[in-house]
């Protein structure tokens, strides 16, 4: 009962509780020990070393983090996330024991060992940073992208709860038992050891969903890995904006922390014990508030606003805190306000709560979720880059600013600056700068949100990252280095390198390489290289130079395939010299060369013997049909003489598909502009088995007037051939005003395929009325209902013993039917969200994937879609771990308010109700095995064929 109540309150599914509880306890225990170290470390540092040394401590911390990040990035490629987290916890435990020993020595040699206080503060901060960085990756690897949005706030609630327990315990130990702060450091070590023990339980009982380790464990050194991360960041808009956002966050965070630690708290609590007690009390109430916000608001805000938009909230709060501090100290400096310890303390608590607790409650979970848009095997290296390079850089900027503006560590040169900037001015300049930085952080968060949505979408097709990396590398080169690369490849003995260079010249249309390509064409080369040379010359602008190379090659070339390609290229030139070179090729033994020579001469405006060309082609066409007949038909069609159309009609009935297609194409070419009378022939061609003939017919129908019956064209939208579908859509689009009603009627039919519905909606969705769009969503909701129903049947079917041969076949058929209904739902979501086919394909493949990580990425993309009603229902279904028919029944009732009436007793009746021929045949086959009789009288022809 308690678990069900908490599941509903916290939006945690029953199957997720184990992982949530274990990671919650890990963070709670570590936070308990860290609250001791944080309060004690800051208190002793400010008292024993001085608050003016705080900027220097920040720099030391980040120098260590920078060095540690090199090793961290390297070992995330070689070790599991759980193993690295265990190493950090053990290291922190050993460090706390060492620090406790050093604090014991300060009792006797305090003046000589003042550095110990800085050592402890820097060391603890170092380990806390890395544990905070890494624990997010570990948690994310055990949940999908959608799950982690819901569970992160609950798991992270362990941090404030641990802080409350730690702060309460610290107050009791200081006030009741009169311990000194430096005597309590070892508690951090005990907490880390307890958290380490929990990691062993997690490793034994849970399995990760997403792996952060590389599949191939290379031997790159850390510097090369950082270079790879830098290249990725430069090519990733999300990482660029995350880096900028982190720089702005760190600078603003350090400025605010300096303001309340050295300006406010040090003035109000000069005694270290009182200050430590205040921090302990603050930890209790601040962490309770943190817990309240995190449990009740964080997940809901992230789910409602999305991951990208949620990252805007923290800089807004930071700007409010900075503005409040600036206003108070500026008005005080101008004598508009008098000193007030109550106002100062209130502002200090408010700014610290925003800077520390709200960072944990809002910024950290929302920012960690941005890594959902990055491949898991890049989490470690990119986090190391952000926290090892970007974070220290930002800290150096903030610390340098504070050192300069406060004059810390200066003896002479800063004296003038200190006199120019009195302490009262420093007190309001620091929060003013924090306010400006926060405003910049808000601005950066908007493109970061857009980049996140695109990044998650890209993860549904991992090839996207490989292609992007490749193009970034090419695009990053300047023109001189590109020219050098192409020249090297052209001179390479390996044909593949030569072909690659030719393709680069062709795609980029680099006319400066025309001479190199021409010389390459003239030399003896394999056919493949010459073919690419000719295609490259054809892509370059026509000029006398490439014409010269073509003519010279034509005079010396012996390969018939190359000759045919040269002639095809020459036919595009109208200024070619009509000498005997081309005419002599009319007697070439190769039919391909003959045909191309005929067309090259015939298309020349100055050639006088065109009738002779026509007669030669007709003479060869009268020969008995053979492999070359289709070439002669192609040539006759290219002449575009309507008078010869009767010559090709007999070939339309040929037994050879290639000849039929060539004859049909020639017929169309001859009668261009006069095809209206032959429309019945074109429509008959749409029923042919040859897809190329259908494409030719569709292109010809574009020149005809509108059809009376559009069903043959609409039917082609379900074809598996993309070219055929595109040609059909193009024809329908040209007459959309006429065929729109037929398309709408077909879109609402229940019997059409998902692909056909998708293609129809891509043509007409924007032209549908609001009522028609509502009906479409209702149909999709009904399809979702059928999808869940069939999955219930599938779960029941899989629970039965596979005692017959039809078990696997029925399983496959049910899966296909369920998939069809799900794709129907995704089709409507796609168009209602104004998305395209790429969105539909990636989301559908992700949801149908057996990988929970891919499913999670698809659901995350769906959650950002504009259409919400259907999306929320799909998310609710996939959020559940549906292991049996009872779980499916629960979600069916939750979604549709109806009972799923599927039992073993009505199992076969439910299967028959699907009206699927294959399932009917399987059930009849089972009846035959039981009774020995196969009743075929009452079944349709399709079932009868399947059984016989």
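From the backbone N, Cα and C atoms, a Cβ is placed for every residue, glycine too.
What you are looking at is a predicted structure, and each value in this text was computed from that prediction instead of being measured.
Under the heading transmembrane segment, TrEMBL lists 20-42 (among others).
Positions annotated as transmembrane segment by TrEMBL: 54-75 (among others).
What TrEMBL lists as transmembrane segment is 82-109 (among others).
Residues or ranges marked as transmembrane segment in TrEMBL: 115-143 (among others).
Sequence-distant contacts of the transmembrane segment (155-178), counting only residues of its own chain at least 6 positions beyond either end whose CB sits under 8 Å from a CB of the stretch, comprise 20, 23-36, 39, 139, 184, 187, 273, 276-277, 279-284, 286-291, 294-295, 298, 357, 360-361, 364-365. The transmembrane segment annotation in TrEMBL covers 155-178 (among others).
Look at TrEMBL and you will find 184-207 (among others) tagged as transmembrane segment.
Annotation source TrEMBL lists transmembrane segment at 228-251 (among others).
TrEMBL lists 276-297 (among others) with the feature transmembrane segment.
Positions annotated as transmembrane segment by TrEMBL: 309-330 (among others).
Positions annotated as transmembrane segment by TrEMBL: 336-354 (among others).
Sequence annotations record features per position, and here TrEMBL assigns transmembrane segment to 384-406 (among others). For the transmembrane segment (384-406), the list of distant contacts is 52, 54-56, 58-59, 61-63, 65-70, 72-73, 76, 129-130, 133, 226, 229-230, 233, 242-243, 246-251, 254-255, 258, 414, 417-418, 421, 426, 429-430, 433: same-chain residues at least six beyond its ends, Cβ to Cβ under 8 Å.
Packing against the transmembrane segment (426-446) from elsewhere in the chain are residues 241, 244-245, 248-249, 251-252, 255-256, 258-259, 263, 308, 311-312, 314-316, 318-319, 321-323, 325-326, 329-330, 332-333, 401-402, 405-406: each is 6 or more residues past its ends and has a CB under 8 Å from a CB in it. Among the features that TrEMBL reports, transmembrane segment is placed at 426-446 (among others).
By the Cβ criterion (distance under 8 Å, sequence gap of 6 or more), the transmembrane segment (276-297) is not counted as touching the transmembrane segment (115-143), fewer than 3 such pairs being found. Long-range Cβ contacts of the transmembrane segment (20-42) within its own chain (Cβ-Cβ under 8 Å, at least 6 residues beyond either end) map to 12, 89, 96, 117, 120-121, 124-125, 128, 131, 135, 138-139, 142, 151, 154-163, 165-167, 169-170, 181-182, 184-185, 187-192, 194-195, 198-199, 201-202, 205-206, 261, 276, 279-280, 283, 287. With respect to Cβ pairs under 8 Å, the transmembrane segment (82-109) is most closely packed against 184-207, considering the stretches 54-75, 184-207, 336-354. At the 8 Å Cβ cutoff, the transmembrane segment (115-143) and the transmembrane segment (54-75) share at least 3 close pairs (sequence separation 6 or more) and count as touching. Distant neighbours of the transmembrane segment (228-251): 73, 220, 311, 314-315, 318, 363, 367, 370, 373-374, 378, 381-382, 384-386, 390-391, 393-395, 397-398, 401, 434, 437-438, 440-441, 444-445, 447-448, 451-452, 454-455, 468-469, 472-473; these residues of the same chain sit at least 6 beyond its ends, with a Cβ under 8 Å from one of its Cβ atoms.
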